[in-house]
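Each remark here refers to the structure printed beneath this line.
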Amino acid sequence: MDITSDDELEREAEGFKEQGNAFYVKKDYAEAFNFYTKAIDLCPKNASYYGNRAATLMMLSRYREALEDSQQAVRLDDTFMKGHMREGKCHLLLGNAMAASRCFQKVQELEPENSQVQQELKSAESILEFERLAEISFEKRDFRMVVFCMDRALQSASACHRFKVLKAECLALLGRYPEAQSVASDILRMDSTNGDALYVRGLCLYYEDCIDKAVQFFVQALRMAPDHEKARLACRNAKALKAKKEEGNKAFKEGSYEEAYDLYSEALTIDPNNIKTNAKLYCNRATVGSKYEEAVRDYEKVYQTEKTKEHKSLLKNAQLELKKSKRKDYYKVLGVEKNATEDEIKKAYRKRALMHHPDRHSGASAEVQKEEEKKFKEVGEAFTVLSDPKKKSRYDSGHDLEDDDMNMGLFH
């Protein structure tokens, strides 16, 4: 039975390392990885083998494994500068700037003249600065600034899922759903159990009014991260919003308009951030609202948040109805139906004009005279409009008679 001496093992391991180096130079990192692993299996106490394999794993973008190898390398040899440098670089790429700084400081102690480490320390410091600024900006709901900070931090920490997810969440809060979805999906491809990424995917669906699908993602996020507060809150909001909206629709279908109005109003208090669902709720509430002023207010809110053609025409109609409700009813003034003929309008005018003519009330009190004179003028006004087909059709459609270009004073 052959017993291989330590020297022979070391020689064989060195051979594997040399082969690994040759593949590394050729950029065949997968093969380099295999040979460095063989060297490690033969000599598990050699720091430089772990260091070499860490460099290879970094080239393969397997930063977590590279981090473990560089940590093992410096455990075996605390003076191994390249080991500390690689560990710091992995921490940096994974977004852990504090740990990275500690490693780079160790490199500085070992090699005070090392110019590369100065640059790495600066990168770590700027990441910490962007993290601090992002936290303050998120508190202030300045989501654009958070996206900017995360983009800058990701230039040095390109493998940091935490930064990517925060960026995706803010993109969703800014209404940039396709971008947010794409970032979250990229993370889930690499890490399907990432609760934050699942939450962001749910958030996009929730804000796009796909509430059932959104709930599925929130539930999945909570399965992966049971203490995910944001997912819990979003899940509760989504379910409450859906239930209230459906209750409101049910009351509306049953003709209980007041109850529907109240239910839509309650639903609107659940989540002010959900613009799309709230736009529908405002529209629904405006439909059941008995007062035109309220309807116009609701449609204006909708139009401010989502400037679509559909919302513009809803607002236009509501403003028209409000205008119609506030102006004089010329048909009522003449005492005729809306479908009255020209003849009927003329007859009614003569009758009412005689009834309110100032000569008929010359003996009455000043107050009565004033009232009758006002009515006489109104009758004249009503006849001027209703006896002219063009003016009558404009009046019927609710447009201002002075407004020749039919301009409603709307958002243009």
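Just so you know, glycine gets a Cβ as well, placed from its N, Cα and C.
Record features, source TrEMBL:
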type: REPEAT; residues: 13-46; note: repeat 'TPR'
type: REPEAT; residues: 195-228; note: repeat 'TPR'
type: REPEAT; residues: 241-274; note: repeat 'TPR'
type: DOMAIN; residues: 329-399; note: domain 'J'
type: REGION; residues: 387-412; note: region 'Disordered'
type: COMPBIAS; residues: 388-400; note: compositional bias 'Basic and acidic residues'
Message: Please report, as numbers and ranges, the same-chain residues at least 6 past the borders of the repeat 'TPR' (241-274) whose CB is under 8 Å from any CB of it.
response: 173, 206-207, 209, 211-212, 280-282, 284-285, 287-290
Statement: Reduced to three DSSP states, the repeat 'TPR' (195-228) has 27 helix, 0 strand, 7 coil
Query: In the repeat 'TPR' (13-46), how many residues does DSSP assign to helix, to strand and to coil?
result: 27 helix, 0 strand, 7 coil
- prompt: What mean pLDDT does the predicted model reach across the repeat 'TPR' (241-274)?
  reply: 90
